[in-house]
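In what follows, a structure is listed as structure tokens, so that the remarks can point back to it.
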Ligand SMILES: [Zn+2]
Ligand SMILES: [Zn+2]
């Protein structure tokens, strides 16, 4: 497996230069992972399959979904791609490399875990600021246009928010200057994580059932369902920031109520 990855990597670095890989390669990888992971949830919703695992009963109209996907593509090309190009010199300056040998799994996993923790922390505070009156009205309400999120809405945000919260995503790699393969792995996992958080389904196999600190779809769906001043659940990945700062009280209360209701149902049977 390691040698397969290494030979694929050798092919990449002999055929493309650093700039092409870090900017165009990252952009292509991001688009592929984002659409391949997000589109199946739209198909699932339209076909009505696995509907018993759907968090909300409401569906979005196909026309509304398609309009937003077109806008999303426009933002990706006009904001994300230039942003990747602009941050390339910073990454280079901080020591990012794409050469062989590839870093060990220990280094890769430690760095990626650090990025998740740091991103969650920065995102939490940035997101709380976005929920203040002026910023919500003029910027963040775009992301909240859908009270019923679907996978691809995860990145449907105001261009200013791409810059604002994009900082949370790139600050970890920017200060550690990782190998490009680590940056790509981080990007892929972060995209899968945010698409899952917005997918609208909570399955028995969802990660949040197995990782107690992981928020997932149920946690973030609550954030979209409620009025912006009352929602809480501001974190992107984990649940402990909201717990520490008491912004998950409403969500926890609902969980207890739901638990009681299930118990009562069980007793009646
Ligand atoms: Zn929000
Ligand atoms: Zn969201």
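The backbone N, Cα and C atoms fix where each Cβ goes, glycine too.
Unlike curated records, TrEMBL annotations are generated automatically.
Residues or ranges marked as transmembrane segment in TrEMBL: 19-44 (among others). Below 8 angstroms of C-beta separation, residues 12-13, 50, 65, 76, 80-81, 84-85, 88, 91, 96, 98, 150-152, 154-155, 180, 183-184, 187-188, 191-192, 195-196, 199-201 of the same chain, each at least six residues beyond the ends of the transmembrane segment (19-44), sit close to that stretch.
Annotation source TrEMBL lists transmembrane segment at 72-91 (among others).
Residues or ranges marked as transmembrane segment in TrEMBL: 103-125 (among others). Within the same chain, residues 165, 167-169, 171-173, 176, 178-179, 181-182, 185-186, 189-190, 234-238, 241-242, 245 sit at least 6 positions outside the transmembrane segment (103-125) and bring their C-beta atoms closer than 8 Å to a C-beta of that stretch.
Here the domain 'Fatty acid hydroxylase' (112-247) returns a mean pLDDT of 95 for the predicted model. Here TrEMBL flags 112-247 as domain 'Fatty acid hydroxylase'.
If you look at the transmembrane segment (162-187), the same-chain residues 6 or more away from its ends with a CB under 8 A from one of its CBs are 5, 9, 18, 21-22, 25-26, 29-30, 33, 75, 79-80, 83, 87, 90-91, 94-98, 102-103, 107-108, 111-112, 114-115, 118-119, 122-123, 126-127, 130, 139, 236. Residues or ranges marked as transmembrane segment by TrEMBL: 162-187 (among others).
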